[in-house]
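S.K.: To start, I am sharing the structure in question, which I have written as structure tokens.
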Amino acid sequence: LILPLNMFRSTLLRLSTLLLVLPFILAQSQCSATQKCPASAPCCSEYGFCGTGSYCHQGCEPLHSNTLTSCRPNPLCQSQSTNFPADLDRLQLNATKYNGNATAYDWVVNAGYVVPTSDGLRLTLNKTNSGSKISSTKYIMYGQIDFTMQTSKWAGVVSAAITMSDVKDEIDWEWPGTATSEAQTNIWFLGIANYTNTLGQKVEMGTNTAEGFHTYTLNWQPDYLQWLIDGRVVRTINRADTLSSSGRYEYPSTPSRIQLSIWPGGIPASAQGTIDWAGGLIQWNEPEYTQNGYYWNTIKAVTVKCGPTANVTAGTRGWAYMGNTSLSVPYVAVTNASTMLSSAMRGVTSPLTLMGAISLVGVVLLGAVSSVL
């Protein structure tokens, strides 16, 4: 069993810690498209706050940061397979210790805690941890990802396997609540849903997603995107079909982390629409929960096949954002700049980072529920 130290803290201690650091969080500068971070706290985190250290990699929003070079580059994709729990040594269990060295680790636990079993790696959800999320250390920009997994099955509990870029391009597999006979698919462009492409896109499984392992695939190419289940194509979106009235293609096209999570859609703090979509409020008295102390999904393997990367030469380490096109579409170029934090950057830790696994609670209280997992 692998548990972070704060898993053993009481609820009272967790809440006390939150109250202690909350004034510092509230005092942090916020960042957005119209308000960039100051030089003293140059990096805009994925949750929209300015800071240093871990704020400057994994989710750092370059276009909202002080300069385009404030965020560390996105580590280049590497074709590989991870099998859990055999490859557990490639998983950094504490995100606050990850310094951007993508050669040392393939995955980082961003929130919650994980439990290795003979079947795979369980991502867990309980009353106090707001769910669990792991992210790849390397980014992918086109290619294929195979997730072999078993979903959760309880009302209000959501499983997800997605790609997420630093500018909020997103491709989703999601499994909400007790709807274990279907899978749901979505795309987002710069954090904006194209409801023409996303609304009502459910895929009937013909089997139970929580009772057996299935392989869910994202085949993401420059001109088209496919979702596959056990090798069978169940949905296709063509880039050509995403042309907007403004003349731009609203199609995911930026380097993205691979993320797997379990999160609580069915809690009183959620919007009613989210609660309904997630299958209702979470019931904390289910036999599996009382026996184990958590709900879970199980990840057996993730296989990544990278797409071709232009202009990669010896020493190339990552992708760096260069700005926006005339149609406000972010674009990147390869770079040999280091993806790692400098020693000076590693020495500065923000109050939000210090909260560790309860940082998500602080984010929820600040009203960023939709961006947590």
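Including glycine, each Cβ sits where the backbone N, Cα and C put it.
Pulled the feature table from TrEMBL, pasting it below:
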ACT_SITE  Glu170  active site, nucleophile
ACT_SITE  Glu174  active site, proton donor
DOMAIN    67-286  domain 'GH16'
SIGNAL    1-27  signal peptide
TRANSMEM  352-372  transmembrane segment
S.K.: At a 10 Å cut-off from the C-beta of Glu174 (active site, proton donor), count the other C-beta atoms across all protein chains.
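M.R.: Around Glu174 (active site, proton donor), other Cβ atoms within 10 Å: 21.
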S.K.: Give the number of CB atoms, excluding that of Glu170 (active site, nucleophile) itself, located within 10 Å of its CB.
M.R.: 20
